[in-house]
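Listed in Swiss-Prot:
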type     : residues : note
TRANSMEM : 5-25     : transmembrane segment
TRANSMEM : 33-53    : transmembrane segment
TRANSMEM : 66-86    : transmembrane segment
TRANSMEM : 102-122  : transmembrane segment
TRANSMEM : 157-177  : transmembrane segment
TRANSMEM : 199-219  : transmembrane segment
TRANSMEM : 226-248  : transmembrane segment
TRANSMEM : 265-285  : transmembrane segment
TRANSMEM : 318-338  : transmembrane segment
TRANSMEM : 362-382  : transmembrane segment
TRANSMEM : 399-419  : transmembrane segment
TRANSMEM : 445-465  : transmembrane segment
Amino acid sequence: MMKWVLFIPELYYLLMAVVFFACSLSRRLQSGVLYRWAVILAGGGLLATVLAVNQNGFIFFDCYRVDLYSQLFKILLALGTFWVIFSCSELQGIDSRYHAEFFLLTTVCTLGMMMLVSANELLTVYVSIELSSYSLYLLVPMRKQTEIYVETGIKYFMIGVTASAFMLFGISFIFGVAHTTYVPDLVKTLPSLIKEPAAIIGLVLTLCGFFFKQALFPFHSWAPDVYMGAANQVTTYIATASKMAAAAMVIRFVNLSGGESPLFTQVLVGLAVLSMTFGNLVAIIQKDLKRLLAYSSIAHAGYMMIGILTMSEHGVASAIYYSAAYLVMNFACFMVIMKVADDGRNLQIKELAGLHKRSPLLAMTLMLGLFGLAGIPPTVGFTGKFLVFAAALRKGYLILVIIGMINATISLYYYLIVIKAAYLLEPERPYPDVRVDTWTRALSYGLIVLMIYLGVFPDQFVALTEAAARSLP
């Protein structure tokens with residue numbers, strides 16, 4: 001008998017998707033009613049995922065592995081999805097005809113990413129990543145004035161399909177070398193074969209698909225255009241929840257090499273350095289806040305890679321911690337964008353002028369989120385960078401850590417430009433007051449507390465990430 005209890009979170013999101021599909025068939029359902037049901041269902045999904053955290057086992061002929069590592073990332077996915085849906089009380093940037101489809105595709109994408117982090121076999125990985133990717137391809141062009149932004153959707157689709165083709169090609173190389181597609185078998189056989197060119201090529205090509213999702217240089221070209229072209233709500237989802245699944249799979253697949261190939265490690269070091277440097281330098285000249293955060297995400301993919309490439313328990317744990325920290329910090333910034341640009345427009349940095357007067361709470365949330373991304377204590381971002389750099393130092397990557405610290409210093413410049421606009425600049429013209437309802441206030445206070453608490457008292461969560469790292473095969 002199959003252990004269906006191991007599949008409870010995924011079954012819940014599958015049923016949730018069916019509900020939204022039924023809602024999409026009826027055009028009489030008001031957006032307010034749809035939103036309330038979406039929040040309730042997303043909250044239920046988060047609860048179901050948290051309750052399933054201690055489940056362990058294999059299902060679907062061992063193609064699906066449930067352990068603490070996968071369950072922790074599922075909680076991050078469910079949390080990110082809940083936050084995004086909770087903050088979507090007004091879907092101003094999305095065509096009113098597609099509000100039900102927005103919730104449907106968001107749910108299906110979350111389902112695909114949950115399947116991805118538990119996938120224990122390469123073809124299951126491929127099917128899962130395609131399920132999540134095609135949902136995102138459809139979400140991006142849903143913005144109002146689609147004729148203007150349809151180019152963004154097409155570009156995202158074409159680059160994504162190319163990345164998927166590379167990944168499938170890499171899987172064929174791995175199968176040809178190792179004669180298996182099961183991850184536990186690859187863990188045993190691939191380290192001894194990793195010095196063979198075919199094995200290295202296969203692993204690198206497979207990782208290309210995940211690097212694309214993570215926006216790691218040079219697989220980043222879609223990110224700035226998609227962040228700008230998609231509706232604010234869709235961009236928030238792409239920048240937060242979808243990055244969790246990519247991080248989970250990069251960690252899992254990098255560890256397949258077992259650290260036996262110096263060439264493979266050097267490639268990862270190069271990608272980390274290029275991502276940090278390119279992302280931070282190009283972010284300096286940005287005027288659009290979403291585009292700035294897009295280049296920031298490229299840099300943060302590089303920071304995360306520092307922990308991953310150590311291929312140690314501490315390195316993996318630090319990368320997991322950094323992923324969770326990034327989810328909280330990035331969502332805080334994008335929530336402010338959604339609330340300030342409540343008509344669905346893209347937000348220029350100069351439009352934040354005087355935000356501390358129009359909405360002191362949102363200004364504080366944005367400031368702490370940016371301080372965290374910059375790695376300033378006592379925020380969760382500082383602790384995340386400290387753990388990542390410490391793990392790299394333990395493995396002797398001193399030069400890499402120095403480069404990372406230099407890049408973190410560079411990032412201070414453009415993050416402080418945004419904070420300066422919110423707190424020190426006077427608006428060039430009168431901007432409307434920012435409407436902050438009770439639920440937004442509660443969410444803002446919660447994010448502020450979380451960003452500081454996890455930064456000052458990280459011990460419990462660090463212990464959880466270390467336990468998750470130990471559960472990896």
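For all residues, glycine too, the Cβ spot is worked out from N, Cα and C.
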Grab the same-chain neighbours of the transmembrane segment (33-53) for me: Cβ-Cβ under 8 Å, and only residues 6 or more beyond its ends, written as numbers and ranges. 5-6, 8-9, 12-13, 16, 19-20, 23, 68, 71-72, 74-75, 77-79, 81-82, 85-86, 88-89, 91, 99-100, 103, 110
Stretch winning on C-beta pairs under 8 A with the transmembrane segment (5-25) (pool: 66-86, 102-122, 265-285, 399-419) is 102-122
Recorded stretch that, among 199-219, 318-338, 399-419, has the most CB pairs under 8 Å to the transmembrane segment (226-248): 318-338
Can you tell me which of 66-86, 102-122, 199-219, 265-285 gets the most C-beta pairs within less than 8 Å of the transmembrane segment (399-419)? 265-285
Which sequence-distant residues neighbour the transmembrane segment (318-338)? Criterion: at least 6 residues beyond either end, Cβ under 8 Å. 69, 72-73, 76, 79-80, 83-84, 87-88, 232-233, 235-236, 239-241, 243-244, 247-248, 251, 289-290, 293, 297, 300, 303-304, 307-308, 347, 362, 365-366, 368-370, 372-373, 379-381, 383-385, 387-388, 390-391, 440, 443-444, 447-448, 450-451, 454, 458, 461-462, 465, 468-469
Under an 8 Å Cβ to Cβ limit, what residues of the same chain, 6 or more beyond the ends of the transmembrane segment (265-285), are close to it? 204, 211, 216-218, 220, 254, 257, 259, 292, 295-303, 305-306, 308-309, 311, 397, 400, 403-404, 407, 410-411, 413-414
Counting only residues at least 6 beyond its ends, the same-chain positions whose CB falls under 8 A of a CB in the transmembrane segment (66-86) are 6-7, 9, 38-39, 42-43, 45-46, 48-50, 52-59, 103, 106-107, 110, 113-114, 117-118, 233, 236-237, 240-241, 244-245, 247-248, 252, 320, 323-324, 327, 331, 335, 439, 443, 464-465, 467-469, 471-472
